[in-house]
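What follows is a single structure, written as structure tokens, with notes after it.
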Amino acid sequence: MGNAATAKKGSEVESVKEFLAKAKEDFLKKWENPAPNNAGLEDFERKKTLGTGSFGRVMLVKHKATEQYYAMKILDKQKVVKLKQIEHTLNEKRILQAVNFPFLVRLEYAFKDNSNLYMVMEYVPGGEMFSHLRRIGRFSEPHARFYAAQIVLTFEYLHSLDLIYRDLKPENLLIDHQGYIQVTDFGFAKRVKGRTWTLCGTPEYLAPEIILSKGYNKAVDWWALGVLIYEMAAGYPPFFADQPIQIYEKIVSGKVRFPSHFSSDLKDLLRNLLQVDLTKRFGNLKNGVSDIKTHKWFATTDWIAIYQRKVEAPFIPKFRGSGDTSNFDDYEEEDIRVSITEKCGKEFCEF
């Protein structure tokens with residue numbers, strides 16, 4: 001590297017440091033003093049179900065006063081309690097209302113009633129990366145790299161705030177109108193300074209240390225990034241089997257096979273991310289995220305331009321208008337039932 005290039009790199013590293021320090025200040029203000037709830041169910045017109053889960057659903061809604069479309073996550077308090085997800089749900093709201101990054105979906109409103117908790121987020125009409133990946137089969141390496149770069153920056157941001165994401169997978173990545181990623185579902189995100197022990201995540205994406213019930217840290221997100229890049233570029237995940245237990249055996253074995261079309265740079269990066277030995281896993285070493293950002297596979301990536309959303313996306317989802325749902329699957333519709341008496345008031349008093 002010439003002196004000028006070295007100086008430029010140095011100033012970029014400094015400006016990232018400054019940016020993250022300021023971001024932490026902004027985050028902590030909102031983390032310590034969460035915004036009060038600022039809407040009610042009657043403010044929204046419900047349009048269509050976009051997805052369902054074990055304790056709720058996500059619906060497309062229209063804000064009556066502004067006519068803006070949003071995605072409303074509706075969680076049944078009693079089901080959340082039954083499934084022991086109180087802590088996770090409170091975490092999700094508290095984190096979402098405090099973060100601010102170009103590739104994180106924004107929480108616009110939150111409120112609760114006798115039966116449910118509601119989180120109203122910006123609506124991302126392009127649908128899940130998952131459905132586009134399954135339709136196309138696999139992404140070219142430049143296409144996969146464009147998405148991977150956004151996740152790297154997002155994890156760099158989250159980790160600087162002591163947040164572990166813990167749920168990376170193509171189903172949780174939405175493609176926006178400009179073809180960029182919006183990370184959604186902070187149900188497993190957690191603020192952790194040291195290690196944590198909770199078993200959570202998706203079998204194919206779990207790091208070996210989670211499976212082995214060891215205390216784990218942010219490095220689990222870098223492992224999951226390796227799984228995601230592999231799945232984007234191959235069309236299938238690196239560890240798969242019919243039963244979770246068989247998947248876990250493959251993950252802890254530390255053996256990965258690569259398709260012949262993977263470039264040698266890609267294989268090298270993945271060997272360093274899908275590294276069972278934590279003392280060798282990229283993202284977890286003394287240089288932190290810079291081992292990933294300066295890796296040869298990312299040589300062509302302009303990190304600042306990605307952050308500024310100035311890079312042309314390899315794919316723009318098709319959709320007609322802001323309330324179009326054609327990129328989402330159809331689900332059976334169900335009425336939102338609200339009890340006349342308050343359920344689980346104590347458990348969710350801080351929501």
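Keep in mind that glycine also has a Cβ here, set from the backbone N, Cα and C atoms.
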Listed co-binder of ATP (same site as Leu50, Gly51, Thr52, Gly53, Ser54, Phe55, Gly56, Arg57, Val58, source Swiss-Prot) among Lys73, Lys77:
Lys73
Let me know how many other Cβ atoms fall within 10 Å of the Cβ of Tyr331 (phosphotyrosine).
14
Taking 8 Å from the centroid of the Cβ atoms of Leu50, Gly51, Thr52, Gly53, Ser54, Phe55, Gly56, Arg57, Val58, Lys73 as the cut-off, which other residues in that chain fall inside it around the ATP site?
Ile74, Leu75
Per DSSP, what is the helix/strand/coil residue tally across the domain 'AGC-kinase C-terminal' (299-351)?
5 helix, 0 strand, 48 coil
Comparing the Cα of Leu50 (ATP binding site) with the Cα atoms of the modified residues Ser11, Ser140, Thr198, Ser322, Tyr331, the shortest distance belongs to Tyr331
Thr198 (phosphothreonine), number of other Cβ atoms within 10 Å
14
Between Asp167 (active site, proton acceptor) and Thr198 (phosphothreonine), the C-alpha gap once rounded to whole angstrom:
13
